[in-house]
Amino acid sequence: MILLKIKEFRPFLTLSVRLILGPEEDGVLDPDYSIPQISYASTAPELSDDRRYDFFSRVVPPDSFQAQAMVDIILALNWTYVSTIASEGSYGEKGVEAFTQLSKEAGGICIAQSVKIPHNPKLEDYDKTIQQLLETQHSRAVIIFASEEDIRGVLNATKRANQVGHFLWIGSDSWGSKSSPINQFEDVAVGAITILPKRSSIKGFDEYFTALTLENNRRNVWFAEFWEENFNCKLLSASKKEDTSRKCTGQERIGIDSKYEQEGKVQFVIDAVYAMAHALHKMHRDLCPDHPGVCPRLEAAEGKTLLSYIRNTSFNGSAGTSVVFNKNGDAPGRYDLFQFQMTNSSTPEYKVVGQWVENLQLRLEELQWPDGEQEVPISVCSLPCKTGERKKKVKGMPCCWHCELCDGYQYQYDETSCRLCAYDMRPDSNRTSCQPIPIVKLEWHSPWAIIPVFLAMLGIIATIFVMATFIRYNDTPIVRASGRELSYVLLTGIFLCYIITFLMIAKPDVAVCAFRRIFLGLGMCISYAALLTKTNRIYRIFEQGKQTVTAPRFISPTSQIAITSSLICVQLLGVLVWFAVDPPNTIIDYDEQKTINPRLARGVLKCDITDLQIICSLGYSILLMVTCTIYAIKTRDVPEDFNEAKPIGFTMYTTCIVWLAFIPIFFGTAQSAEKLYIQTTTLTISMNLSASVALGMLYMPKVYIIIFHPEMNVQKRKRSFKAVVTAATMSSRLSQKPNERPNGEAKTELCENPAADPMSK
């Protein structure tokens, strides 16, 4: 504040008292006043650009309560992104400064644009202001601390830019409830919320002011200029008013020849003068006790001394309300809140919609908005993020952000962050929390299970039928010639190959997992161990027969069973070691079906058996199968009637093809979301096919003869081992001339009937 000495206050004090109380002193008019002597070169302060009638709003900064009221209005309407307009000068700039500071303290409000209108603005300055505001389209709310002329210029520029209804104005007390700033621009101002200090009409002031004339108010240095503006006339040829040529008569009357309405700040001006008077009175009493007039101490006092007295002054004001000052020198903030609305008659007018007395009281239900909007319009930098989205703040603008979806298996932890769900969880539908991933297993009714189960059931029925037939006709030549002991062992292995289908589909538990480990490779091991023993026996017989007539060792049924059992024990021993190292258990595999879309994610209930362990469990059986195939190839030239050499060969060739197809399918689907189903189905079907090939090629022809052609199931003459060897030798020689025999085979009388083979018993 500019520090002034007491003598520097006197002219202002005298002017203020006379301005309010009038020219009369004890009923006597000032005799020195005359119309011809009025000159613009008076001692009145010169105000620029025809703004002298907005004197108080231009030179007196708005108090902080007004800015606080605006902040509270913004918060009540949930507006977070606003712009400001200020007229250059103390009033506008200080007002915006106070609003900006209070909005920062309140938090949650960001200033999008802060525009200053210069002195002597041109039309393009207002247009530039609107264009700058439109750069932030989402900032519809505009705080405006400006003079009446600037308010009109901004509204006019808004209309020229065809933005009627876009901006939501919040006007300071310079706008208040005045009609002059919005005259002819009512459609642009609809919805504007304005602030005006609570005021009361001062009784007697209207009668006093309307009675003022050029004759009785000669002491007011501004009154002549007011007279010209109010009645649109000129008093002197040297008058600065150039928009009219009409001469003032001096007989014009305020309120009759012109519109009149008591200025809302009258009570505050009166209270200001009384505050000065009370302060001077107390100051005189303290500094000049028992001394009339101005004493030396009062004469030497500085302005800050008077200021302290003013701030400590309290009295009842002209409107009956108390006048006090806070530590900042502001009187209590009391404001009426207006909104410029369309009435039922489509005539816009100001309507009181609330008040601010230390806190905001705003009647939201009474507010109306441009273009008939029912809900409160939004003025935000960024719209609220949807559920499941996080805010990514824009640097330097806490009210602005980008919304990013919490993707994958993330959920919205708070407004600004996403977090990953636990490995056994997935986000819920709105991504605000996590929920357990559903657990699945291969169901019996699934198409992936129906096909292998159907094949397995057919295979089991066929196996039981063959086994029952062999048992029923156990002593017939065909059954005895096929090697009954190994035949039953082979049928047992085939049966177990079918049974494993049900174990692979059953709901996993410890018992099921244990049986899977045991029987997964056991059925195949038994089958191929028996076939390997058979092919090895045939190979050894015919290879040794080429050199000597002595029968090879370990070709008796007992030896064959022993050899087969030894091969099977290797598989069982491996399973026992597996049990010891890694006891069977169930797990829930969340990785197998953890799809990109978490809604499709499933946890797979399965046995604790890896793909590698499955292949290792089958590896020994596959080794037996390959070895058996090698022997089948080596005995391919043996006459087909000797001990099933050819059927075993075709069986092994087909089985190898089946398992060669199985391996790429099994490992090729390791990354598939349907891994559980594809691998289980592939494995079970491969085992079913292997068993079915062996059953069909090795047993069905015999069963067919036993049932439908019993006349062929008879004992014929026996042949010695020497005869067998002779037949093998001749067969070997004849097979070297394939062009002389169809298919490279020789049919002789010695190898027409296997029933006579003594080594088949």
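Yeah, the Cβs are placed from backbone N, Cα and C, and that goes for glycine too.
Caution: TrEMBL annotation is automatic and unverified by curators.
Per TrEMBL, these features apply:
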TRANSMEM  448-474  transmembrane segment
DOMAIN    448-722  domain 'G-protein coupled receptors family 3 profile'
TRANSMEM  486-506  transmembrane segment
TRANSMEM  518-539  transmembrane segment
TRANSMEM  612-633  transmembrane segment
TRANSMEM  645-667  transmembrane segment
TRANSMEM  687-709  transmembrane segment
REGION    729-761  region 'Disordered'
COMPBIAS  738-750  compositional bias 'Basic and acidic residues'
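Panel annotation: around the transmembrane segment (645-667), residues 531, 534-535, 538, 611, 614-615, 622, 625-626, 628-629, 632-633, 635-636, 638-639, 678-679, 682-683, 686, 689-690, 693-694, 697-698, 701 of the same chain, lying at least six beyond its termini, place a Cβ under 8 Å from a Cβ of the stretch. Below 8 angstroms of C-beta separation, residues 517, 520-521, 524-525, 528-529, 531-532, 535-536, 538-539, 567, 570-571, 574-575, 578, 645, 648-649, 651-653, 655-656, 659, 666, 683 of the same chain, each at least six residues beyond the ends of the transmembrane segment (612-633), sit close to that stretch.
For the domain 'G-protein coupled receptors family 3 profile' (448-722), the model's average pLDDT works out to 84.
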